[in-house]
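Features of the protein shown, as given by TrEMBL:
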| type | residues | note |
| --- | --- | --- |
| DOMAIN | 6-227 | domain 'Orotidine 5'-phosphate decarboxylase' |
| BINDING | Asp12, Lys34, Thr119, Gly211, Arg212 | substrate binding site |
| ACT_SITE | Lys63 | active site, proton donor |
Amino acid sequence: MDRNSQIIVALDFDNRRAADEVVDRLGEECRFYKVGIELLTAAGPDLIGHLVAKGKEVFLDLKLFEIPNSVAGAVRAAGALGVSMVTVHSMGGTAIMSAAVEAARDFPRLRVLALTVVTSMTRSDLADVGVTGSASTEEQVLRLARLAEGAGCHGVIASPQEAGPLRRALGAGTLIVTPGVVLPGESHGEHARTGTPRAAIAAGASHIVVGRAVSRAADPVAAFRLVSASLEP
């Protein structure tokens, strides 16, 4: 996999015009985009079709957490749109992850990824929602990742800090997608568990998700190339 294919640019906007502008400015430079719940709600599924028609891959980050039948239906809808990746929430358990994987079988290009612990959460946040005891955030991520692996998920979502332990635990064939990557000197924003693009890939991430550093840059192409260059060993 070449470096540019490992970079997913997050279209974290509340309107389609802003998203289209970034995609147009990046042109052939970027091949992979993340569409989350905010943009999907604002712009609708036509945006996905537009990106796919332009030859782009789409990471549809829905973090599905519902009854298995509803999750399966949403995954089938995502597959029909032509997306390459869709996310389910591993905290929903084996049943919803298995339902998602089964629904994806009709779409050979579609990969189901399980969110482990969102990058804004800390150990104290986990305790607030009942994940107590001596378990660290990393241990919780690994526990959920193994659950996802058992359910047949193609990969997991976790912070750059867990990329190394996950790669060792899951082996070479599993997709590990890491949001929360920041360039040196960049604000961490809402992310509590972060790392640089280079560190994430070196640790074992298959893909990194980059947001404002590219999408809000004065020159998105230059910013994208800076991230790509930073991935060189």
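Positions of Cβ are set from backbone N, Cα and C atoms, glycine also.
Note: TrEMBL annotation is automatic and uncurated.
Each residue in Ala10, Pro179, Val209, Val210, Ser215 lies on the same chain as Asp12, Lys34, Thr119, Gly211, Arg212 and has a C-beta within 8 Å of the C-beta centroid of that substrate site, without being one of the site residues.
Taken as a whole, the domain 'Orotidine 5'-phosphate decarboxylase' (6-227) shows an average pLDDT of 93 in this prediction.
In the three-state DSSP classification, Arg212 (substrate binding site) falls within a helix. Every protein chain considered, the tally of other Cβ atoms within 10 Å of the Cβ of Lys34 (substrate binding site) stands at 24. Around Gly211 (substrate binding site), a 10 Å sphere centred on its CB holds 21 further CB atoms from the protein chains shown. Cβ neighbours within 10 Å of Thr119 (substrate binding site), excluding its own Cβ and spanning all shown chains: 25.
The record assigns Asp12, Lys34, Thr119, Gly211, Arg212 to the substrate binding site, and the maximum Cα to Cα distance across that set is 16 Å. Secondary structure at Thr119 (substrate binding site), as computed by DSSP, is coil.
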